[in-house]
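Annotation source Swiss-Prot lists region 'Disordered' at 43-219, 234-379. If you look up Swiss-Prot, you'll see 72-87, 160-171 marked as compositional bias 'Polar residues'. For 105-146, 294-303, the entry in Swiss-Prot reads compositional bias 'Low complexity'. The compositional bias 'Basic and acidic residues' feature in Swiss-Prot is assigned to 149-159, 234-293, 342-361. Among the features that Swiss-Prot reports, domain 'tr-type G' is placed at 489-659. Marked as region 'G1' by Swiss-Prot on the basis of similarity to another entry: 498-505. Residues or ranges marked as GTP binding site in Swiss-Prot (evidence: sequence analysis): 498-505, 545-549, 599-602. Look at Swiss-Prot and you will find 523-527 tagged as region 'G2'. For 545-548, the entry in Swiss-Prot reads region 'G3', with the evidence type similarity to another entry. The region 'G4' annotation in Swiss-Prot covers 599-602 and rests on similarity to another entry.
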């Protein structure tokens, strides 16, 4: 029974991946004449051709192979093997990368192919252990599957052959039944058998079985390859997962290690601190025990010495001591020994009778024991006595420690509070107050004492004093002189001075090639400007332009102090004016050379010779008049004579040998300072020596700062400024005074210290009262009687503020004086308006304006805001306002004088006076006063005027008349009557 004929247990065929098996019958003939019909499995042969090859070639090759006669039976295995190898090569080119051997002795070709596949698989495996294990496993599985299929096919073939041998069925029917399936193959086999006389070997069946096995083997190899690739992919994924897990584990382990290290460190610190604490406690405890033992030993030694002096020396003392040791219960004299329990012998086994003993007397000192000298037992010292001894030693040690006092060096300034001095001495403040009270000075801890009193205290407490002065903080630049080898030539600083409208700024414009006059309000200079120009020869000259108005005398003085050469501009058509003379005085006070520039020579009325002669009145002698002062005739408008002027400036600078050290910390002078709304405080600095750089820390006046930016006269940013170079500096903490010195320091702390000291000195000067004198008392009384005119001044620059304040103070007199509540640089703010509203003062704004909020507050509170651009207008209006506050002036003019000759009654009018007019005239309703012995006894007016009995309006000199006075009858003969008129005039200052 074949596999297909076996009975099925189930109703349905089992599911599987096997295809339906097709069978056919083949007649097998043997050499001895017998034949056998064999049922074989029929499979269609599939030939896989290479691309480009046709089906005809394949069919011809197949027919040729089938037509070859089978010569020998022993070569069947070899042929089958070769065919299998060739078909395998064609069918599965991807499964066998290595070429198969030409002949294999084994009957199954799948085994060789599986072995080759298994050999190739490990070569492609990865070096990972899992991948190496997966590849051989897949190869072994493929090999075993191929062997099983081969064995199963061989077994089926054997069973079929046996069935055919026992059946004896005719082969023709089988061949005819399978003719439709076999096609021409059955006929061909049949014809071959008939024509040949010999039985033909079933090569076609072997080829079909071999093809089916090859297909199965190829499929299994493909599945094995897919399994191997899948296993490799899974191994790679597993390796990546394990690697990630290992990284995470490593990171967790590192974090855990760090945490444990931190905890261990904290624990170690705690343990160390605990050990230190325990060590300190043990040390203190050991020290206390050592002191206690020392005290006990000292007390015991003293007690033993006392006992030896009291007790007589006996030869039998050792014997008595032995007896006392044998009987410790006997009474013994009192001994001062350290606290320790008395030694006792070991308890005896037998208890003796104690009825006769007096235990209450044991260990007590009696007269009998003391006289007999019995020292049978040592008396222990009480705890109270030991405690008292310890306290005594402790007090002695404390007194000894107090006697050792640390001597300190105490720095004492000119003024210091008691508490601060106590802190520096490390003493209690109460002790210093007690010491001062003993000296007769009653102060508290917060009061200030002078340096001499502080020195007495420091000396009394045993310390050393170190006297310092507050001025030590100040920077002393006078002693800082640069060595001669470090000096280098620098440009000259030239100041242009002169009267108003004489052409100073026009000359500067001609030298600079700019137009500064057009930017000034009213065409006059009201600020001091600093510029630097370059001569045609390439040498630089620094120019300072000063105002010519009389209010700016302080600016002119500052300009003369920081300059090297002064150019005094005199208009040839106007001559010498007051400010011209003042400029000459400033230049002489500063001891700088003068160059006279006679300007406006282009006008027809110019007379330079008259200018030279007028200068002789002020001891200015030009070279043309035999002197040493240079003079130049120029015209700033026509730009004539400028080259000669520059030449003389450079000649004068060469004679002066101007030098400075550029390689040092910078020092400069504030030429002008202002508060810019966008940039903050800005100062124009003229560097005198050193180099000022961006980032330098400096002190200027009462303020400190750091150079944030520097710009020159053209508005270009500069990184550094050398000697004689004017720059605008940003970065100040406040607006300094014009003329203050700028000094670069090493640190911000030093800058703040110096600035704080200068601010304190300035505040002290403002608040310190002047010593009282008779003159100052009368002056203060006069000031109180005078009317005050309060106001606030805000200007764009510090120099303008000073000029306005000085000019307003000059117009004050004994009747009214200006009281400046506040003066500052910058715009008008809300705080300025609030201060003015509280005092009822107007606010003067010079080149500044208020912000919108300040304007609203001023409108609400009724504060007057006055704005000016020209200082002339400001001074004139303030004068008029001050005069208006005083009111008009009244002037008396005596128009008549008469003498009373007779007094008579006038009825209801009282008393009338008969007069003789001596001077002038007397009119009715004129104001009159009565003088008696040159003392005014009446001041009023004339009620009525009569001549004889008629009322007259006027009586002139030489005539007689009668008058009555309003509200007065105290008149006598001989009194003088004066009549006068009062004229009201507007007050002027």
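Note that Cβ sites are derived from N, Cα and C of the backbone, with glycine treated the same way.
Here the region 'G4' (599-602) is broken down by DSSP into helix, strand and coil counts: 0 helix, 1 strand, 3 coil. Each residue of the region 'G1' (498-505) gets a DSSP state, and the totals for helix, strand and coil are 2 helix, 1 strand, 5 coil.
Between the binding-site residues 498, 501, 546, 601, the minimum number of other C-beta atoms within 10 Å of a residue's C-beta occurs at 501. Residue counts for the compositional bias 'Basic and acidic residues' (234-293) under DSSP, helix first, then strand, then coil, are 60 helix, 0 strand, 0 coil. When averaged over the region 'G3' (545-548), pLDDT in the model lands at 64. DSSP assigns residue 546 (GTP binding site) to coil in the three-state reduction, outside any helix or strand.
Residue 504 (GTP binding site): 28 other CB atoms within 10 A of its CB, across all protein chains.
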